[in-house]
Amino acid sequence: MPRFPDQLLYIGGRYVPARGGHTFEVVNPATGEVLANVHNADADDLDAAVDSAKAGQRHWAALTVVERSRILLRAVALLRERNDALAELETLNTGKPLSETRSVDIVTGADVLEYYAGVAQALQGVQVPLREGSFFYTRHEPLGVVGAIGAWNYPIQIALWKAAPALAAGNAMIFKPSEVTPLTALKLAEIFTEAGLPDGVFNVLPGDGASVGHALTEHPEIEKISFTGGTATGRKVMASASSSSLKDVTMELGGKSPLIVCADADLDLAADIAMMANFYSSGQVCTNGTRVFVPRALRTAFEARLLARVQRIHIGDPLDERTTFGPMVSAAHMQRVLEHIEQGKAEGARLLFGGERLRDGALAQGCYVAPTIFSDCTDVMTIVREEIFGPVLSLLTYDDEDEAITRANATSYGLAAGVVTPDLSRAHRLIHRLEAGICWINTWGESPAPMPVGGYKQSGVGRENGLATLQAYTRTKSVQVELERYASVF
């Protein structure tokens, strides 16, 4: 018997059953418990959502910016009021520790919504004189109905990252959460409605890619797609979106990000950063710094610091507030991570810690993989080249800065990068040479609302967050005004 009742689709400000009658199970990855049967949307449901979104968007766009912002700020207040309940639901669905979901997931999502409610007035055009008696001006108009596809690792945060700029700019959104973790997106839809968002402006269609995701990307009445997920899937989404109606796309994709520890770095600080860059959220973070470059002479000392820290990780029930490391999000993902670990062993990486599924006591019921550290890694190893999206740190040594930069950039990815050094001149010099969209100096992982987030190369197209993202959910109209009598050449 599932813990929760059947979860329906959210269309037009209310819950409705899927027209096809199909459902799928959502499972707690820490225990194997079935949490709910979720209705699986299809193309017919999408058509209904688009019709609802078009009607709602006309009303939403007709409101003043201030009126829209007031509604969004009411949603912010509701999110913060229900932080603990939403965090517990997120923990049940994702397996992330409650200590994490309470302090990060809903909090940072609400921060982004608050940010866009505040900066929506910044959507201002320009007025440019052309000559005496003639000028032009520009205005930013909403795109209309936009689609978004979320990832399973930060379900409600990603939903808010995508919805906030879209709604602030006057659009309606159809959001497809990951079929692995769809529960909190539905709660977000309830909150938007309670806050006063017009019916149809935020719809949630749970389901898999084949049933509804592909239909969403190619629907001719959807003007933009924002996608977060793997690079391979991102290519398919982009191809489908462009072939159907030349949709604009934003893609936040995979990464294999480098963290460079400089020769003058405080090794304790560097080890703390490397731990957070690899084992936070059990390693299931797209920006993780999984390729850790350390000077050859410092390898042994750095290994010792990592080993001391990794043994302090508290692995256990995600609902226990002492837990700092939970399971993989699903059995299928756990198996993929374990296969990469075995490949690392087979290709000659030296296993320092972990490298196995955890089966002690209650952990055996869940999808737990030990935090894993490999040393003596080389650039050609699969664990160094491919995104694992799990708790696997690859330690590499280098001899000089030029070598470190060259090797750090020798990847098809370019999502994030970091440098640890007390020498800020060196830090900026290295960061400016690294081919990555998000960079950190002496820290890792924070993505505040005003800071654009996105990748270079195969790690993405466009940006999330920041002022430019608000503009990306609009189209620019140019209007020339002639004050004098128009002179025809005919």
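Cβ coordinates come from backbone N, Cα and C, glycine included.
Of the residues GLU67, GLU386, GLU387, Swiss-Prot puts just one in the NAD(+) site with GLY150, ALA151, TRP152, LYS176, PRO177, SER178, GLU179, GLY230, THR231, ALA232, THR233, GLY254, CYS286: GLU387. Ranking the recorded positions VAL180, LEU246, CYS286 by other CB atoms within 10 A of the CB puts LEU246 at the bottom. The most densely surrounded of the binding-site residues ASN93, THR231, THR233, judged by C-beta neighbours within 10 angstroms, is ASN93. When Cα-Cα distances from GLU252 (active site, proton acceptor) are compared across the binding-site residues ASN93, GLU179, THR233, GLY460, the shortest belongs to GLY460. In this structure, the C-alpha atom of VAL180 (K(+) 1 binding site) lies 6 angstrom from that of TRP152 (NAD(+) binding site). Across the structure, GLY460 (K(+) 2 binding site) and CYS286 (active site, nucleophile) place their CA atoms 11 angstrom apart.
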